[in-house]
Amino acid sequence: MNQEVMNLFNQQAQPQSFDQIKISISSPEKILSWSYGEIKKPETINYRTFKPERDGLFCARIFGPIKDYECLCGKYKRMKYKGVICEKCGVEVTLARVRRDRMGHIELAAPVAHIWFLKSLPSRIGLLLDMALKDLERILYFESYVVIEPGLTPLKERQLLSEEEYLRAQEEYGEDSFTAMIGAEAIRRILQDLNLEKIAADLRQEIATTTSDLKPKKLLKRLKIIEAFQLSGNKPEWMILTVVPVIPPDLRPLVPLDGGRFATSDLNDLYRRVINRNNRLKRLIELRAPDIIIRNEKRMLQEAVDALFDNGRRGRVITGANKRPLKSLADMLKGKQGRFRQNLLGKRVDYSGRSVIVVGPELKLHQCGLPKKMALELFKPFIYARLDAKGFSATVKQAKKLVEKEKPEVWDILDEVIREHPVMLNRAPTLHRLGIQAFEPKLIEGKAIQLHPLVCAAFNADFDGDQMAVHVPLSLEAQLEARVLMMSTNNILHPANGAPIIVPSQDIVLGLYYLSIVADGAPGEYKSNNPLNPMQGVYGDFGELEHALASRAVTLHSKVKWRWKGLGPDGEEVTRTYDTTPGRVILSSVLPRHPKVPFDVVNKLMTKKEISAMIDTVYRHCGQKESVIFCDRIMGLGFSHAFKAGISFGKDDMVVPENKWTIVDETRALVKDYEQQYQDGLITQGEKYNKVVDAWAKCSDRLASEMMNRISSVQKDEKGADKQVNSIYMMSHSGARGSPAQMKQLAAMRGLMAKPSGEIIESPIISNFKEGLDVLEYFNSTHGARKGLADTALKTANSGYLTRRLVDVAQDAVIREVDCGTDAGIRMRAIIDAGQVVATLATRILGRATAEDLVAQDGSIIVPKGQMIEERHLDAINKAGIQEVKIRSVLVCATKNGVCATCYGRDLARGTPVNQGEAVGVIAAQSIGEPGTQLTMRTFHIGGAAQIADSSFIESSFEGTVRIRNRGLARNSDGDLIAIGRNVAVVIVGPDGTERAVHRLQYGARVRVDEGDSIKRGQRIAEWDPYTRPILTEVDGIVAYEDLIDGQSITETTDESTGIAKRVVIDWRGSARTADLRPALAIHDQNGKVLKLPRGSDARALLPVEAIIGVDPGARVKAGDILARVSTESAKTRDITGGLPRVAELFEARRPKDAAIIAEKSGTISFGRDYKNKRRLSLTPHDGSEPVEYLIPKGKHIHLQDGDVVEVGDFIVDGNPAPHDILAIKGVEELAAYLVNEIQEVYRLQGVSINDKHIEVIVRQMLQKVEITDSGDSEILTGDQIDRTELQEINEQLVSEGKKPVQGVPVLLGITKASLQTRSFISAASFQETTRVLTEAAVNGKVDTLEGLKENVIVGSLIPAGTGAMIADIKSIARRRDELIMAQKTAESGAALQELPAAE
């Protein structure tokens, strides 16, 4: 009896736990098995009684009762009749909740095609039948007949016939001699008649024998879909519906509004149309209506069902009464408002509140101020429980009353409840994991949340009206994780780069900077030759120093001697004397005592960088707890001294340099000179523009440095003591606020402005803000500023979308094991750009594991293989002069379905080796996406000062001796050494004989050093003209023109504004008559014979279009002289895609617009006959394989000559290389290095630091797929793309069976494509193109094993990262154990069965 009572209450279905989800096409039988009855009427509810109509869309007989345990007519009420079916109204007495899961169905009078399988590209039905979508639609929408059985007639199977053709054929061959049908019945019949095995065998045969390039791809696609149907158990004819399922009524509710109107879900309208048309069709068929009418009705039924499944996919969008498109079933799933993203991936959270934030400078780092009112509301259940436990209330109702009246005991209990119960604070937008942190609440009056100033950087919060949300972790486990993982004190380092993020800013920095300033001649300073008071300014005790400060005997900035007592290297007490200031001594008083944290850490001017370094030092040596206490103290110190300093900002602090107008006038003269040169035709319009912009940029920089010199120099008063430092300089130099660029605009000149198009306006703004702008200048300045505002809005959206794609592609990269045991690694070296070390080797390898022993020169091992490189190793590595280290990387990690901790290295946010279960993919995505809003959106046009100035020379960054590799140098007529070879490199060798740097020289560069020269740091190695590309001669001789025919291939142009003539090569390929010309300059000897080059080819320089010829025929030239030049301007101002678009382009692995052409093999170049308007260039490889041909568009400047030798990977035509080419030609490691460097470059320009490993994680995810090149002994087809792990599994099995393994090459996918091709269809469907993903998954009968994070969030189980990773591991161990036991039991029972007959 008891059991039955329990069963009554256990009505709710327990949540099922499952390990995988399968999706497939449902058969008509399956739909009927779900259904509780057929819906025959389009009515919904009776407008008078408000009861659902019988057999209608809300029928209670089919879907269940409207009220719990009550039938519709009211005959049976209450629980005792549970399960009874009322004989009057036919309703089962049960819970009303069943109306959420009982389905119905509609029997269609004619079959209709499922629009997803028809129209979702590629059309599945079309692929399967090998018919065009156009033809299929003509059949389905009753425009054409299709022949199904041609019989003995000359018609072909599946031939389309129009109405007239059909009738004619019937007359001609007789009605029964062939079968032709129309509509979905026809397609269904064809699908039913398919023999999949036979088609598959034929296709395999055809693929094996076909010779063309494109055909196998098409056949492969078709074969794949046929195999999908064979393997998944789906039948092709199920893609044509004969029954339409109807979803439960409570999922498409009809809600009465006041005023007798109803709000309804769009689905009800769509279902109503289907039922109406279906019923009308049934009636017409019964009445034996004419064919044409029935056909029209069938077409309308097909359209109604199409609209129900996916409105707007075909034909017009069906709109409701208010002209708004109706939301179909497909629309319910897709997009930001769809089921996946709106309700499954992001849900609203209870126990949360939000309010404005204000600063809480007296809080400790782990605290936040929570308004009492808010706390009372959030912690209500806890308060009720505690009131009950303490006996203040007997029932919840009483407790409610007490809380509502806010009785004194309630506040006491609130205090108890809140103690040690962390809350989570979140600021939107949450761009990285530091956007949600846990704090211990401290109750405060008022209505605003108080936030600790040091965590503002992590939240990117300020106090100008920002709001934050509070969430309460309820369960004990949640509280535990909030405290251990999310507490603000546990998030001191930035996950993107491992630098401290709890860094003082603004006032605090200013206060600490002021505290550490040194002033000459301040009262009470120590003088070494002070006969009157030799001990003045000598202090050994902190109390004494404070006393002196209080009595004004000494200032914070006076120079004093200080006896410091601290710990020596071995922890012993030591005393040292330092020259310092009282301010710095005060600062040192908050430092933790530790041998590695000496007084030197604070004995310097504390800028923001220095403070960050100091916090870093304290964290690395003293641990987390000390650092947190230290940060809080330092914050207090900074605030109090910023307040005491009283630094203000006045107009007189902005000092305009006296020589401003002199510099401006000089520049004006220079610009005038350039104008004149342009008038005289010496330079082109583009070159003039570049030079003018350059001149003004230099002027602006000079003024800025003059101003900085003035502002930063300290003035003396009449006694010779230092006056106070300029306030603006203090703010900027300390890093508290403002940058040199802003100061330049305030006091020097505003400088060059950009147009909205991104070009720079030639005339700069000469005034500064102190002097004020005139009208024209103001207009120019608003011009660019408005563009900036518009950009910011776009940028935020773009950056958010990039982050979303990154998270999606990387979400399942989780640390699965400690070490995958691979021996592979990638080589790391310092990054050097234009002779400057941009990223040192030490910073790049810190916190990574070595892939081989790291050996010093004496043979001792610095770091053994597989060990982490720590800070303590860096000195030894630098001393050993190691230039390259092979380290482990996630790119080569061999772990299946994740990465291993050794390949990943250090967890940057903790400074320790990464834990198992850490979701490194998501961290990588957030680290790259979060600074996205700081990147620029514009594409730079070459021509700005910045782009050109830094690329016209190379300076040495090391001392050493010069060696020249591939020596191709010549002295020209001016006696300069010119690089005439393509691969000339200057190598700088250090004193110990190691190569310090290798610089490849630009073709045509003037070289300032020669073999064996010794070179100093900063010395020029070479320089070149950045505005033009020269075409040089490599031998001495006499110039001769070839194929340079006036008016056909060469023209004398006269610049209209200058009247000076120059000879320019024009496009000669326009007409057929001149298409075969090959304009060139040849070098002859005395007798008029073409000279030979050392490598054997003729001394002839082919000229590109728009080359400007600089020599006359018959002129004598020396090797290294310039024959012609191509203005880089006229080679079209190439846009450099910068900032966010560039990062997106790289991650999406798109082919750049003007992609470089890369040599696939090492070999010799020769020019073939031109083809149409392209140059033909062929590369004969050294290894004797077939020559490779390249067709190059005519306008491109090819800087190679006949007979030049190129190495693998050399550029044949300049430009950005396509990542796919790098992968194919140079392999994975080179590709990764290229992507990492290019992406880092964009971030570096903005001063954002991201660790390489984050980019590597994303690149690993982009390289998940492999293209099969040789299918070995497997069923896989050549040309197919499969997962890397899948390939490993297949090969392991093949090898174990002694068969030939499958060979494949890695394929690079962009992040969007990679996300859509993950093994989990749930994850892909919730990302983009939901319809297409689900259609494909259903056809393939895909199984989602729920391995990634996203799928698990969607199905509502614990994610397999962090704590969930451990639970997932335990589950899989248990599953394996169960399988073993089951196998064992089966074997035992089998053995027992064997013994049975013997027992008889």
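Note: Cβ is positioned from N, Cα and C throughout, glycine not excepted.
Database features, via Swiss-Prot:
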- C71, C73, C86, C89: Zn(2+) 1 binding site (BINDING)
- D462, D464, D466: Mg(2+) binding site (BINDING)
- C820, C893, C900, C903: Zn(2+) 2 binding site (BINDING)
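Annotated features taken from Swiss-Prot, shown on the structure.
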residue : record                : Cβ neighbours (10 Å)
C71     : Zn(2+) 1 binding site : 25
C73     : Zn(2+) 1 binding site : 14
C86     : Zn(2+) 1 binding site : 20
C89     : Zn(2+) 1 binding site : 17
D462    : Mg(2+) binding site   : 11
D464    : Mg(2+) binding site   : 5
D466    : Mg(2+) binding site   : 16
C820    : Zn(2+) 2 binding site : 20
C893    : Zn(2+) 2 binding site : 26
C900    : Zn(2+) 2 binding site : 22
DSSP-derived structure type at C900 (Zn(2+) 2 binding site), helix or strand or else coil: strand
Distance, C900 (Zn(2+) 2 binding site) to C89 (Zn(2+) 1 binding site) (CA atoms, angstrom): 64
Other residues, Cβ within 8 Å of C820, C893, C900, C903 Cβ centroid (Zn(2+) 2 site): E817, D819, T822, R888, V890, V892, A894, T895, V899, A901, T902, Y904
List of residues, in chain order, with Cβ under 8 A from that of C903 (Zn(2+) 2 binding site) and at least 6 apart: C820, T822, A849, R888, S889, V890, V892, C893, T895
C73 (Zn(2+) 1 binding site) to D462 (Mg(2+) binding site) - Cα separation in whole Å: 63
CB-centroid shell, 8 A cutoff, Zn(2+) 1 site C71, C73, C86, C89, site residues removed: A60, L72, G74, K75, Y76, E87, K88, G90, V91
Shortest C-alpha distance to D464 (Mg(2+) binding site) - which of the binding-site residues C71, C86, C900: C900
Inter-residue C-alpha distance, D466 (Mg(2+) binding site) and C86 (Zn(2+) 1 binding site) (nearest angstrom): 60
C893 (Zn(2+) 2 binding site) in three-state DSSP notation: coil
Euclidean distance between Cα atoms of C900 (Zn(2+) 2 binding site) and D462 (Mg(2+) binding site), Å: 39
Cβ within 8 Å of the mean position of the Cβ atoms of D462, D464, D466: remaining residues of the chain near Mg(2+): I357, A461, F463, G465
Cα-Cα distance linking C900 (Zn(2+) 2 binding site) and C86 (Zn(2+) 1 binding site), given in Å to the nearest integer: 63
C900 (Zn(2+) 2 binding site) and C71 (Zn(2+) 1 binding site), Cα-Cα, nearest whole angstrom: 60
